[in-house]
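**Q** The following feature annotations were taken from Swiss-Prot:
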type	residues	note
BINDING	Thr14, Tyr15, Gly202, Glu268, Lys271, Ser275, Gly339	ADP binding site
COMPBIAS	616-641	compositional bias 'Gly residues'
REGION	2-386	region 'Nucleotide-binding domain (NBD)'
REGION	394-509	region 'Substrate-binding domain (SBD)'
REGION	614-649	region 'Disordered'
Amino acid sequence: MSKGPAVGIDLGTTYSCVGVFQHGKVEIIANDQGNRTTPSYVAFTDTERLIGDAAKNQVAMNPTNTVLDANRLNGRQFDDGVVQSDMKHWPFNVINDNSRPKVQVEYKGESKSFYPEEISSMVLTKMKEIAEAYLGKTVSNAVITVPAYSNDSQRQATKDAGTISGLNVLVIINEPTAAAIAYGLDKKVGAERNVLIFDLGGGSFDVSILTIEDGIFEVKSTAGDTHLGGEDFDNRMVNHFITEFKRKHKKDISDNKRAVRRLRTACERAKRTLSSSTQASIEIDSLYEGIDFYTSITRARFEELNADLFRGTLDPVEKALRDAKMDKAQIHDIVLVGGSTRIPKIQKLLQDYFNGKELNKSINPDEAVAYGAAVQAAILSGDKSENVQDLLLLDVTPLSLGIETAGGVMTVLIKRNTTIPTKQTQTFTTYSDNQPGVLIQVYEGERAMTKDNNLLGKFELTGIPPAPRGVPQIEVTFDIDANGIMNVSAVDKSTGKENKITITNDKGRLSKEDIERMVQEAEKYKAEDDVQRDKVSAKNGLESYAFNMKSTVEDEKLKGKISDEDKQKILDKCNEVIGWLDKNQTAEREEFEHQQKELEKVCNPIITKLYQSAGGMPGGMPEGMPGGFPGAGAAPGGGSSGPTIEEVD
């Protein structure tokens, strides 16, 4: 395949989306199911790995081996409170590997564990394939988005996931900034406007304030919560119904993973219904121990269950306004992004906060982020299209960055909401006489003491010549690149000795070797997926060929055109093959192909004879079926064996 353009990928907690900029406009690309967003789900079964819709459709049957929300684990520690509380809601197993979380699943009959970055990389691979199928070209360059409030390790984890999936990540950009690009281009903003992006998705929440003027997008401030979204609203509803079930039936379903998963699917559906109706009913047959669960929930009750979470979305709005030094009256446009902004109560709270100002719903909340990422990908690849060539993006770093100085004090070198890329240098000195070295510990966060902030990494600068305290001059430089990822260096001015680290967050990061290993594993898994797909395709081909052959020779219209002996010969062979198929569903591709050849050996001469005697196609024969045509081989890329029928609660 020839080389395709760079794409923009919105790697979401619950859904992902991919877009490409070509012929002067953005195309959001639909997947093989015709959906423009793809669930960020990866499932492992006895025979195969499923990604996207296929994985989500079978989650009720296979809850413990279906991984979702990998984003919520990316770049976090196992003991992180967030990880611990999420684990209570997930049916799959999360294990502690050297204080890093890994998900544990059964795949092809063995136990396997994956880093969250690997799971995210599988979702990215799927998005890459969706783009390649549409473009008919290979895709290797991408811009990937992260929540604006993501810290350094979460950004780095996303970049690693891209590398593992075989993508060259041009840049990591913030979701609300990407959405602002979509808005700015859509609205053709000319004169300066202050725009507030309110982005509430499935797993994270961001508020960013930008000034847009003639193609320059300048982020003034950003705030948010990387752990608040639609999933949390679902959790509240699930807990509410578990309690109701206990009350009505005196049984606790919370330990039954399949029951909880079916309930969650129903809750997610009910939540969506409540955005347009004031009541939703839930009907789940035989939810637990044969008990049917029929109930309903009103919009008012749903709002009450989530009252604190909904109201809490206004805190980051206030913080972003304060940091941007703006009054709410100075905001020209309030733009809604992310599926959860469809919730009427959230819209009402936001509108009331801005004194009744109309909210802007002109951009598609599910696709805006991928749209903006695709535009940025085109710019970085040098697209000369007039609508994008003058576009300039000035983003900011969301958290203050600094080092620990005497007494555990956080000394900030780069304040939050500083435009990136940026570089700051500050000179420090020693704390005691003849101190031979200094330990440089790098932190991010807003608290005065480092113990309350997040340690990103540390390194030592040694070999400082003996001198009284306060004499040596150690120059520390923080350098943040366009991805929002930081390099730190320290130099002793007297000797010129230097030491530096890229903050690869030793605690939460994959080493280069890890990543290389995972890249190879990803290729191996992909090859296995392809083998499985070919196998299913060969099996389906054989099956449809056998059945078509049968129905062809049994056709009334062929009476007298084919001898009973020939007819019986074909029927016997077809029945033999169909019987073999029933017993050998898991055979290898070669075996299916061998059976097909054997069957064709019997059928082809008879069918050819039939053609010649009939002078062409006999009437009523399914056109072009018999002969060497391997039945209705599943289209390559079909993934699963025909449509999976899902249980709809």
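Here the Cβ of each residue, glycine as well, is placed from N, Cα and C on the backbone.
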**Q** Quick one: average pLDDT across the region 'Nucleotide-binding domain (NBD)' (2-386), no decimals.
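**A** Computed over the region 'Nucleotide-binding domain (NBD)' (2-386), the mean pLDDT is 96 on the 0 to 100 scale.
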**Q** Count up the helix, strand and coil residues in the region 'Substrate-binding domain (SBD)' (394-509) according to DSSP, in that order.
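**A** Within the region 'Substrate-binding domain (SBD)' (394-509) the tally stands at 3 helix, 60 strand, 53 coil.
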**Q** Per DSSP, to which secondary structure element type does Tyr15 (ADP binding site) belong, with helix, strand and coil as the options?
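**A** DSSP assigns Tyr15 (ADP binding site) to strand.
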**Q** So if I measure Cβ to Cβ from Thr14 (ADP binding site) and keep only same-chain residues at least 6 apart in sequence, which ones fall under 8 Å?
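**A** Listed in sequence order: Pro39, Ser40, Leu68, Asp69, Gly201, Gly202, Gly203, Gly229, Gly230, Glu231, Gly339.
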**Q** In which DSSP state, out of helix, strand and coil, do we find Ser275 (ADP binding site)?
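**A** In the DSSP reduction, Ser275 (ADP binding site) maps to coil.
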**Q** Are there residues of the same chain, six or more positions away from Tyr15 (ADP binding site), whose CB falls under 8 angstroms from its CB, and which are they?
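**A** Listed in sequence order, they are Thr37, Thr38, Pro39, Ser40, Gly202, Gly339, Asp366.
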**Q** Please list residues from the chain of Lys271 (ADP binding site) whose Cβ is under 8 angstroms from its Cβ, counting only those at least six apart in sequence.
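**A** Sequence-distant Cβ neighbours: Gly230, Phe233, Asp234, Met237, Ala280, Phe302, Ile343.
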**Q** So if I measure Cβ to Cβ from Glu268 (ADP binding site) and keep only same-chain residues at least 6 apart in sequence, which ones fall under 8 Å?
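**A** Counting only residues 6 or more apart in sequence, the Cβ neighbours of Glu268 (ADP binding site) under 8 Å are Gly230, Asp234.
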